[in-house]
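*Asks:* Feature list, courtesy of TrEMBL:
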type: REGION; residues: 1-326; note: region 'A'
type: DOMAIN; residues: 24-181; note: domain 'Histidine kinase/HSP90-like ATPase'
type: BINDING; residues: Glu31, Asn35, Asp77, Met82, 96-98, 121-126, Thr171, Arg326; note: ATP binding site
type: REGION; residues: 539-615; note: region 'C'
Amino acid sequence: METLEFQSEARQLLQLMIHSIYSNKDTFLRELVSNASDALDKLRLESFRDKDMQVDTDDLHIVVESDPSERTLTVRDNGIGMTREDVVRLIGTIAKSGTAEFLKQLKEQQSASGSSDLIGQFGIGFYSSFMVADKVTLVTKHPHAEKGVRWESTGEATYTIDDVDDAPQGTSVTLHLKPSDDEDKLPDYTEPAKIREIVKRYSDFITWPVRLGGEDINSRKALWARPASEVTEEEYAEFYRHISHDWNAPLETIRMQAEGTFEYQALLFLPAQAPLDLFMRDGKRGVQLYVKRVFIMDDCAELMPEYLRFVKGVVDAADLSLNVSREILQQDRQIQLMRRRLVKKVLSSIKSLQSSRPDDYRKLWGEVGAALKEGLLSDHDNRDAILEVCSFASTHSDSELTTLAAYVSRMKEGQEHIYYMTGDSRVAVENSPHLEALRAKGYEVLILTDTIDEMWVDSVPAFDGKSFQSVAKGQVDLETEEEKSAAAAKAEEFAALLEWMKGVLEAEVKEVRLSSRLTTSPACVVGDSYDITPTLEKMYKAMGQELPKIKRILELNPSHPLVEGLRTAFEGGERESLTDAVELVHGLALLAEGGELGDPSRFVKLVADRVQRTF
Ligand code: ADP
């Protein structure tokens, strides 16, 4: 017998279970039955693929057994089982992506509020046994292993592991139950009525029989194959929890049925809370694939594009081979067709949420909007449909987001573009000088602060025939004829100064010109329409990409006293001290947009010199 230590993250999770922060302890049984069901799925699949495998698949099932005098509860399956290495790797460690992050959040939340809903977002699976048991024994045998394995632990720092000569195929998990205790909401789990109730509630849809005292206690009906009118919301919610490892109920349930040459049924869910791995590199995506009620694979990415990775569910196709592989799926035309329909259905469901349940729509958007927007780059066919379900912050409201349709409905007479500005934060955008004139004239500007926004705005040409126009790029054309001729006169007055300034700032800017977008600030820097934005530039640099230096355009506000002063001094023949002043004006413009100075120490020295002169 060998004694091994749990990996430290596993140990932390176990401590959480032992001290049982989650009030609904019944769910441990759902987790064990769910694991057993997965193990049966896997064995059946393996036996299809490997005809030489010596296993009996005639009567795959799950048994729940209790012994009131010993106070034990056992969940047994004759599924795939685990090898010794599997047990150490799968039960002794937590390899799930996001565990560290989850534990961190959990700690923060616990110290903040004393309780935790977060646990619900993370499938804690097998470890939930320790909510109700003070010792757990697992015996398992994999078809390829010669001997079985016994694993045992009290959930403290260590577990023991040992060989077993006569273990049957599959896995049994025996819980040595804590004393039942009404106050601690710990019922007597050895009671058949209690077991039956929990299995019915949480695991009725499991496709394998769950037996108690020789009797099947679940109905085993695939939800997606039952008439929609007969399935309750609670049943959908339990099924969703089973496949998603999210302990919350789904926000929306979507059913689809396609008849004809290629028949399939789909049952999809939109989450009320974003999966923890939504923005992780190795996060899960895709739905479960079944063929005629037989489970084929988890995370079938061929059926759901990456930007809809928050959609969970099942697709059951009638005409695929049970042996279908990922390679085949990738090339299959029917699969591509199916995927297209699924995507359209998901997008149209979100759209109808928007009008029928706006609060839920907003919740969904807040959770997964940043992922959904990735589709604007990757899914050209559905770009318009995606734009329709997007929401953005805007200068129209401090707290409410706006849809593009609502923006367009508020556009001013003669306004041709949808104005937007990208930046690091709402505050940075709102305070940026670029917005001044638009604001003064009452134009609404979208405030885009997600990383992905920097990218899609350049590749999406228009919404509803209105093109997107950055207020920090190109020329802003907001002037009346009168204003235009006044501006032309000003431009003439300032021409010599602008030319000279361009020479002074040659290394930094490609042009110095007068601005029509400023009312209160002296200056701002802008890009040409095709230039990449400073934020994007920073991102590329952070990724280690070398970029050629991007020169931008310095715009001056001719009505500002500082700019007027520059001109007077210039015309008076001043050059040397004016050079410093020009550098300062350029630096201020960069700072105002949240940009970075090329040479901060020089800027500081220039400012210090100026301030000194005021005494
Ligand atoms: P999850 O089920 O969310 O992956 P668990 O902690 O419940 O997490 O289980 C970890 C892993 O241990 C499973 O993914 C599975 O590979 C293995 N496992 C658990 N229970 C069984 C079982 N009854 N039969 C075979 N393997 C199992």
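Even glycines carry a Cβ here, placed using N, Cα and C.
Please treat TrEMBL annotations as automatic predictions, because they have not gone through curation.
The shown structure was predicted, so the numbers you read here are calculated from the model rather than taken from an experiment.
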*Asks:* For Asp77 (ATP binding site), what is the secondary structure state per DSSP, taken as helix, strand or coil?
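*Replies:* Going by the DSSP assignment, Asp77 (ATP binding site) falls within a strand, counted as strand.
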*Asks:* Can you tell which of Glu31, Asp77, Phe126 has the most other C-beta atoms within 10 Å, given these are the binding-site residues?
*Replies:* Asp77
*Asks:* Summarise the region 'C' (539-615) by DSSP state, stating how many residues are helix, strand and coil.
*Replies:* 46 helix, 5 strand, 26 coil
*Asks:* Restricting to the domain 'Histidine kinase/HSP90-like ATPase' (24-181), report the mean pLDDT as a whole number.
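*Replies:* Per the prediction, mean pLDDT sits at 87 for the domain 'Histidine kinase/HSP90-like ATPase' (24-181).
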*Asks:* Would you count the other C-beta atoms found within 10 angstroms of the C-beta of Arg326 (ATP binding site) for me?
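*Replies:* Taking all protein chains shown, Arg326 (ATP binding site) has 10 Cβ neighbours within 10 Å.
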